[in-house]
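Reading through the structure tokens given below for one structure.
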Amino acid sequence: MSTTVRPDEVSSILRKQLAGFESEAEVYDVGTVLQVGDGIARVYGLSKVAAGELLEFPNNVMGMALNLEEDNVGAVLFGESNLVKEGDTVKRTSILASIPVGEAMLGRVINPLGEPIDGKGTIDTQIRLPLERRAPGVIYRKSVHEPLQTGLKAIDSMIPIGRGQRELIIGDRQTGKTAVAIDTIINQKGKGVFCIYVAIGLKGSTVAQVVNTLEKYDAMEYTTVISATASDPAPLQFIAPFAGATLGEYFRDTGRHALVVYDDLSKQAVAYRQVSLLLRRPPGREAYPGDVFYLHSRLLERAAKITDDIEVARKMNDLPDALKSLVKGGGSLTALPVIETQAGDVSAYIPTNVISITDGQIFLESNLFNSGQRPAINVGISVSRVGGSAQIKAMKKVAGTLRLDLAQFRELEAFSKFGSDLDKTTKAQLDRGARLVEILKQGQYIPMPVEKQVAIIFLGTQGLLDTVDLRFIRKFEEEFLSLLEIKHNDLLAKIASSGALEADTAAKLKDIAVKFVTVFKEKNKA
């Protein structure tokens, strides 16, 4: 029996077998490490790499391409330099530096790459957003008009902050800058504001202390802490604020409110200077690179109040595809950058840069701090350029003259040191000023609801505290607010709901205060 080979049968068998064959080969664009050290790697090859693209080095070390030169790529390493050596192969990832975002991030401590560092397991998120993104254009924004209450009397009365504003907290070391930011985060409880605290170049123990404080006051449930401590590589400290802005933008663009604290941007500028000098970029003033202003301006411009018109918001520039279906209007991102000055020098390079970018500054002074005035805010040079339109009517009414009264008090106080014979009017003005200074003092981690602030500042500016002994002002405040809460809660509720201080409410408040002052003075006779 002869066997005949049929060509069509052979070709059909081959087709079937070839159809089941899958090529296992994967093509990567790779380069070679030429030189490595101080958190910087020079890589040969990678001719198609993009600026800001993530690179994969051996031993699970990630890096980012920053300098695209003619014959090599300057990359910063996000891990230990000693794990990378000359001749190692570097892979392109074709992914721009990005972090995972979502509600699952709340209550967690992460590094600037979005990896959890609190030992509570992995974070389940569906969306990744790029670290770098252009700020929303003018037509997608709305002017700041809603208040962001800090719970601090001195700030909410004289330097009000609105949702979508950038307000700088500036001062020497150990003047309470972080305390102001943490109090603001604690005060957002129940107000629908998601908070992001970015720790840049702080000690690990300081970050742990902040996390413990936020947990103690139940603030971690709506807060994410992004930490790049002093022991982390400089490139991680440089990208940390961008990670915070990206997470905040997720809440902003989905129609919610977010607050991001950058603590502090001086250390980010130092980290960026270190990276730039190692990459051989030309130095400028104080050895900072020429684009250090742009580093901070492109970061802080991302804080914005977004238009309520959802159709306009959906057309926002640079909107990542992952967010397009989730966009809602009316969201906001408020930024509180922190800057540390040296010996109160606000005219140094980085402080003046950030002052000119932000919408105002809260200046904290060591002299005031050491004299017992806390928060140690220098009202004279602190300002909020857009917050006035966000302040509630009641506060605007009672605190209208507060700044002027305090300025006059400071001036008279300086003059009164020269002579003892003061006329009645001057003495009365000094006495009232001293009481106003006293009522603006506040303990740490005890933010005050705005309606209580209105009540106590009303008493101070109306002169109802003029006869109360200065030593007992704090005690008076405590007992008076306690009385309002227990017996006259309807007054506080009315101020809180309407946001205004009606004439009848003011009259009732005055009446209660006059009676209480008499009782209090009788009880606390020296």
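Positions of Cβ are set from backbone N, Cα and C atoms, glycine also.
Feature list (source: Swiss-Prot):
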type: BINDING; residues: Gly171, Asp172, Arg173, Gln174, Thr175, Gly176, Lys177, Thr178; note: ATP binding site
type: SITE; residues: Ser382; note: site 'Required for activity'
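This view paints the features noted in Swiss-Prot onto the structure.
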residue : record                       : contacts (Cβ under 8 Å, 6+ apart)
Gly171  : ATP binding site             : Lys177, Glu340, Thr341, Gly344, Phe363, Leu364, Glu365, Ser366, Ala376
Asp172  : ATP binding site             : Glu340, Thr341, Gln342, Ala343, Gly344, Leu364, Glu365, Ser366
Arg173  : ATP binding site             : Glu340
Gln174  : ATP binding site             : Ser366, Phe369
Thr175  : ATP binding site             : Leu364, Glu365, Ser366, Phe369, Ala376
Gly176  : ATP binding site             : Leu364, Phe369, Arg374, Pro375, Ala376, Gln444
Thr178  : ATP binding site             : Thr206, Val210, Asp263, Val338
Ser382  : site 'Required for activity' : Met158, Ile159, Gly360, Gln361, Ile362, Phe363
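Other C-beta atoms found within 10 angstroms of the C-beta of Lys177 (ATP binding site) number 26, with every protein chain shown included. Arg173 (ATP binding site) falls outside any helix or strand according to DSSP and counts as coil. Ser382 (site 'Required for activity') falls outside any helix or strand according to DSSP and counts as coil. Taking the mean position of the Cβ atoms of Gly171, Asp172, Arg173, Gln174, Thr175, Gly176, Lys177, Thr178 as the ATP site, the remaining residues of that chain whose Cβ falls within 8 Å of it are Glu340, Leu364, Ser366, Phe369, Ala376.
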